[in-house]
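Feature annotations, courtesy of Swiss-Prot:
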ACT_SITE  65  active site
BINDING   64, 68  Zn(2+) binding site
DOMAIN    4-143  domain 'SprT-like'
């Protein structure tokens with residue numbers, strides 16, 4: 001899909017205004033569907049949203065970012081809390097929040113205190129020589 005062309009089409013069809021800057025894919029985005037950069041006017045989009053949620057949801061994400069874009073260049077309130085933004089977003093049926101993506105979670109590590117049995121769940125390994133139980137100061141062990 002040619003992202004720049006698609007964003008231009010959505011802008012003309014849903015806003016009746018031209019998109020004159022650049023739209024690019026950004027695979028590093030994690031919790032957001034897209035970003036608007038007021039400094040140079042370009043838009044970033046997360047390709048994972050298109051892959052996982054489909055074109056209908058992705059179009060609503062594009063509308064959301066175009067609301068920021070058009071309001072900024074019209075010198076109106078373009079931030080999430082501004083009335084102008086909320087009204088335009090509702091008028092074009094854009095998404096307020098991007099849907100949650102499937103996250104490849106790291107396997108949890110479970111540490112257990114040998115003295116009191118307190119259980120700690122962590123994503124990262126800890127140095128068992130350095131750390132002790134926060135409850136009783138007992139020695140921790142990694143559960144398999």
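If you go along the chain as it appears here, the first residue is 1 and each next one adds 1.
Any Cβ shown, glycine's included, is placed from N, Cα and C.
Note on the residue listed as 'active site': other Cβ atoms within 10 Å of its Cβ, all shown chains, come to 22. For the domain 'SprT-like' (4-143), the number of residues in each DSSP class (helix H, G, I; strand E, B; coil) is 48 helix, 24 strand, 68 coil.
Spatially close to residue 64 (Zn(2+) binding site) yet at least six residues away along the chain are 33, 34, 89, 94, 95, 96, 98, judged by Cβ distances under 8 angstroms. Counting only same-chain residues at least 6 apart in sequence, those with a Cβ under 8 Å from the Cβ of residue 68 (Zn(2+) binding site) are 36, 78, 85. Taken together, the residues of the domain 'SprT-like' (4-143) have an average pLDDT of 94.
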